[in-house]
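Following: one structure in structure tokens, then a few remarks.
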Amino acid sequence: MGRKMGPTPAKTSKKKNRGRREVSSSCTPKMAAAAESKAGKSPEELLCAAAEYGDAEAITGLLAEGADPTHFDASGLTPLMHAAAGGHAAVVQLLLDAGAPWNALSPTGNSAGDLASDSATFDLLLDHALRSELVLGTVARRQAGPADSPAESYLESRVSFSEERVMDADSKAVMMEWERPLMEAHARAVCSGGKVLNVGFGMGLVDTAIQRYEPEEHTIVEAHPEVYARMLKLGWGEKKNVKVVFGRWQDVLPQLGSYDGIFFDTYGEYYEDMREFHQHLPKLLKPGGIYSYFNGLCGDNAFFHVVYCQLVALELANLGYSTQFIPLPVKDCLSEEIWNGVKQKYWQLDTYHLPVCQAESEPEQ
Ligand SMILES: C[S@@+](CC[C@H](N)C(=O)[O-])C[C@H]1O[C@@H](n2cnc3c(N)ncnc32)[C@H](O)[C@@H]1O
């Protein structure tokens, strides 16, 4: 569990990166056949070489003979990464069908999708990753019991506050000042008059921004006792249009109404928790209302992030909501120093994708 939730890679190569460029893909299949001598090479090494050169025939043969598609070669790359980097879509498909993990990471933290050199290969990997995550999520939900419920320990532990951040007891950042422009953009997205709900106060950045739009009613749900105490100390309990609700959103749902704008940004919860929150949107969001959430899912890997943007959009679409992602450059908000003393660098991408979700319009009669 970190500031933001997301999947963990299934496998990571332990190898250190040895050079800037990770793969070379300039050979043709014929050159590959000529260049690769079978003598002295393991089936997996041959598989990586054939993947690099896009030799689908060799791949089919090697897989049929039992070559392992999950293998990492000496430079820490898998056959799938080689094939993706070479833009060999047919080979990528063969390897995926044989069980090659889409979420394996190279020594520099790249997955096959990050290395894909053309849109056909990228789309294949994205489609496969989405389907895998959908299936895995369904299986995990079927198997989950009460012991799987997260976040309890965060809510029971101490947090510390400074101008720049709120930290948990494990030196992980609950919220950081660099996110202020993002929170201001989220407030702009969800404030169009009427009633606004924000779940998760943190540093109060989004709530401060929401207040500037003078909503008719501004409800804030916060579950951590120390964050709640600080909110009250800062006067949030006395603002005319503000209603502060203390408790986990899961527990205080009956106290909530319906809103014209909703923002969701909790800490220490999993993707599944946000997914569960989304199941309540049809009750919480008024027709025509706007919903947005902090989109920190897999903020340390560009491809995983795309997968999770698409996954959430798909799941919201199943509930009848369309999602648009507004790209916001964040490179300038981030410097290495801001992470000093923070255990987990939860965001490492140059662009933030701000989600704007709305109920899909009724089909015309
Ligand atoms: C990342 S911070 C929110 C930051 C906020 N958007 C801002 O602009 O400062 C997440 C907040 O959610 C709270 N939280 C965590 N789990 C919660 C839950 N189940 N219900 C309500 N609040 C929760 C945390 O205590 C924390 O204050």
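Yeah, the Cβs are placed from backbone N, Cα and C, and that goes for glycine too.
Quick look at what TrEMBL lists:
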- 147-365: domain 'RMT2' (DOMAIN)
- 1-41: region 'Disordered' (REGION)
- 75-107: repeat 'ANK' (REPEAT)
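Model confidence over the repeat 'ANK' (75-107) is summarised by a mean pLDDT of 97. Sorting each residue of the repeat 'ANK' (75-107) by its DSSP state yields 17 helix, 1 strand, 15 coil.
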